[in-house]
Every structure is written in structure tokens, then in C-alpha cells.
Amino acid sequence: MYTPHVCGGRGRGSHYVPCCAGWVGPTVLLCTYGFCSMMRPIEPFMTEFLTGTYKNLTSEQVNRQVYPVWTYSSLFLLIPVLLVTDILRYKPVIILQGLSYVAAFVLVLFGSGVHLTQLAFFCYSIAMAADVAYFSYIYSIVEARYYQRVTSYVRAAILLGQGAGALLAQLLVSLGGVPLYCLASLTLISVSVALITSIFLPMPKTRIYSAEQGFSVEDSNVPDRQDFSVRVKCLTAAEHVGRMFRRLALDCKESYSSVAVVFFCIWAATGKCGFYQVASYIQLFWQQIQPRNFTAYNGGVDTISDLSGAAATVAVGHISLEWSVWGELVLGGFTLLIAGVIFLMDLSNNIWISYTCFTLFKTLYLPLTAICTFQIAKTLSRKRYALVFGVNSFVATVLQSVLTATVINTKSLKLTITSQFLIYASYFAAISLPFTVRGVCTVLRMKRPSGGNQAEAANDRPEGSRP
């Protein structure tokens, strides 16, 4: 029987026919959304905006009462958002993310006082938790053959948005003398465009986690679905959620069955925790050490660090190396370099040295996350990628909450911002030790396998790396 070639569907011989309805259209819309949602010119100068004449908050209030809100909120929001994302099939959660960004920057612009600023960062935490929908959506729309291509486009859109926002902010502040209030207004406009774009995203027809459950309302034995009672609907939903949890538990067990994958996931979570702590409080650190009447170049530093990090990430993708053997040693060694860079930044009171160290910090961190990502992805099917991404993000948020509560919100310590960065440097140094030790052991074992050690070494390697 002849099957017509439908745009974005399958034609004769089950050949996929790509077009705007297949993968190009959704990818362009999602990339547009990602670019606009991440082009936030106010962010490089957020601390200066909050502590300046616009909001009149003190550095102490921003450090201990405002910034920690999004960390603690993300801890409680991440897992529910991950589960709801699959049930609602991604698009509604992406729209929720856009709404949260708009609400956050409306409050930043027009709100005043600590409580409204905290509410703004709570809305921001909802948007951050919804990132899992952004990264998972495209896999439910396109054919598997296009995964690598669309993944690069989607991630590039985010990076370009961040770089464009930071560069625009620096140019407007340094050359145009534009007030920070205008940067906040431009940010609100950008995230509003992102929200409008999200409405036009096509609705996925399948779910990642629920697709194999065999659950649907149509499968119910009740003849007249319109006569469902509220109780029956609740029981059906509860059954569906129970199935999903059982499936998630099974997927977690299978995803983390490899010791090597577990180690890469540990670095992904701990590294993300440390990165966000440094990136979140770096503006307070710079404000502490910069000279009087100094023109801040936060936006320029963010732009250069994003571009250098992107270049380093691309370079990693073209390096021919047996990452299953050398990956952990590379992670351990470069994490130790990150710790050294933060130590140098903390010990120096020179703003330009601090700018340089932060650029190096970001340039070193971003390619390491790429190594973890593709090493983990080698062992996963597409339906588990979002799960592992969500679990790693949740663990990172838990660690970040603990670190924030210990370092920032412990009243008995009352650590200065420079003391906090000394702890962050020590944190990265501690992370580097187990990875360096295990990396050395892995290299020695893989280079000189003997007898029974060959089977043990093979079991430690990710499945995608085995011959």
C-alpha cells in the first residue's frame, strides 16, 4: 500500500522526511526561545542594580537574604517539575518557564524591598527548575538521527543569548552611559519575546518516560469516558503516577549500573554546585575589591568567558582521546586547576586579576561539563537522558543548598565574601582528589591489564566505549 510522503512523517520504505513540521521548524522556534530567554543584559550587573539607588538593598541583604532564595526554592521545585514535565509533555512547562522569567523581571523592575526581591528570585527558581523541559523537548519531536545536530543548535542558542546579553550590557554601560534600569527593561522585553515564541512550539505527541507505560485514557475499560467520576479520575491518575515512579526507579537502577558513569555523574553534580556558587556571588566579590569610581566590566568578562568556554568545548569535541580511560584523570587534574584559579582570585585584591581568573575558571569548567555529558550519554537511551540530567541537577541543588546554608546563612560564622571564596576553592580541591586518584588507577589498570583485571576494567568502562 502506498503511503504518501507527509511533511515531517514517514514515506515509502519508512524513510523519514524532514521539513519544518519535522525538525527544522520546532528547532528554530526552540532556539529562538532559548536565545531570547537567555539574553538578559541586566544579569552581569544584577548586584550593582540591587545595591544601587534603584533598590537600595545592602550587600549583606543581597548576600544572605536574596540570592539564597533561588537555591533553596530550586531544591523543592526540581523533582516535581521533572515529573510534571513528562506528564504535560514539555511545552506547557516551557511556557511556565517563560511566564516565570517575565514575572521575575517584572518584580525586579517594579518591586521594592527585600520581600518582593525574594519573590522575584523565587519566580526565577521556577524558571531554572524548568530547564529540564527545554533540554528534553526537542528529543520528543525529532527523529533520533537528528539528535546530535539539534542538540548542538539548542545549546548554541543558549550560549549566544548569554554572550549577546552580556556584550550588549557592557557596550551600553561603558560607551552609552545607559542606566541599569534600561538594562532591566531590555531584559523584560527579551524574556517576553521568549514567552510569545514558546506559545507557537508544536505539542509533542509522545512522552519520554510515560510512552512505554501503555497508559492512556483511551485504554480505559469504562465505556463512556464523559461519565468518569472525580474519584475514578483521581485513581487513574494515581495509578499512572505509580507506574511512572516504578519506571523511574528501574531507569535509575539501569542508568547508574556502571561505576564509571556514576563517577561522571558525581562530577557533573558537584561541579555544577561549585560553579553556580562561584557564578552567583562573583559580583559581590568584585564589588568588594574594585576601586572607587571604577567602571565595572562585568558584561565584557561574561562575554569573553562565554566565548572562550564555547571554543574550549568545541575543541574538546574534536580531540581524539580514549575518554573512558583518561576522562577521570582529566577531570581531576583540571578541577585542581580550577581550585588554584579561585585561590589566586581570592588572594589577590586586584580587580583585573580577578576578571582574568574568572575567565579562566569558566573556560576550564565548561569543557569539563561537555566531557561528562557525552561520556554519560554514551550509555543512555534517549528516554533516560532527561532523567539523569534531572537527577544530577537535583543532587547539585541539594549540595548547593547545604553549602549555602553552611557558608552564607550560618549566623555564628558570618564569613566575609572573600572567606566564602576561600571555601569554594577548597571545595574544588577536595573534588579533584578522588577523581585524580581514580583516574591514575584507571589509566594504570587499562594500560596494563592482566588476567582477571581485564574483565574488571571492561566493566568499569561505559558501554558505549567498549569494543
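Backbone N, Cα and C atoms are what each Cβ position is placed from, and that goes for glycine too.
The transmembrane segment annotation in TrEMBL covers 69-88 (among others).
The transmembrane segment annotation in TrEMBL covers 93-113 (among others). When Cβ-Cβ distances below 8 Å are used as the criterion, the transmembrane segment (93-113) is approached by residues 33, 37, 40, 42, 49, 55, 81, 84-85, 119-121, 123-124, 126-127, 130-134, 137, 181, 184-185, 187-188, 191-192, 194-195, 197-199, 201 of the same chain, each at least six residues removed from its ends.
Only residues 6 or more beyond the boundaries of the transmembrane segment (119-141), in the same chain, are considered here, and those with a CB under 8 A from a CB of the stretch are 23, 26-27, 30, 33-34, 37, 66-67, 69-71, 73-74, 77-78, 81-82, 85, 89-91, 93-94, 96-98, 100-101, 103-105, 107-108, 111, 147, 150-151, 154, 201-202, 204-208, 382, 385-386, 389-390, 393. Positions annotated as transmembrane segment by TrEMBL: 119-141 (among others).
Annotated transmembrane segment per TrEMBL: 153-172 (among others), in sequence order.
Listed as Cβ neighbours of the transmembrane segment (178-201) (distance under 8 Å, sequence separation of 6 or more from its ends, same chain) are residues 26, 29-30, 32-34, 36-37, 39-43, 45, 48-49, 52, 54, 91, 94-95, 97-99, 101-102, 105-106, 108-109, 137, 165, 168-169, 172. Summarising the annotation, TrEMBL assigns transmembrane segment to 178-201 (among others).
Per TrEMBL, transmembrane segment is recorded for 325-345 (among others).
The annotation transmembrane segment is assigned in TrEMBL to 351-374 (among others).
What TrEMBL lists as transmembrane segment is 386-409 (among others). Sequence-distant contacts of the transmembrane segment (386-409) (same chain, six or more residues past either end, CB-CB distance under 8 Å): 63-64, 68, 71-72, 74-75, 78-79, 82, 85-86, 131-132, 135-136, 139, 208-209, 248, 251-252, 255, 265, 268-270, 272-273, 276-277, 376, 380, 415, 420, 423, 427.
The feature transmembrane segment is assigned by TrEMBL to 421-441 (among others).
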Intrachain residues whose Cβ lies under 8 Å of the transmembrane segment (421-441), provided they are six or more past its termini: 263, 267, 270-271, 274, 277-278, 281, 285, 326-333, 335-336, 338-340, 342-343, 345-346, 403, 407, 415
Positions whose Cβ lies under 8 angstroms from the transmembrane segment (153-172), at least six residues beyond its ends: 27, 30-32, 34-45, 134-135, 138, 178, 182-183, 186-187, 190, 297-300, 302-303, 306-307, 309-310
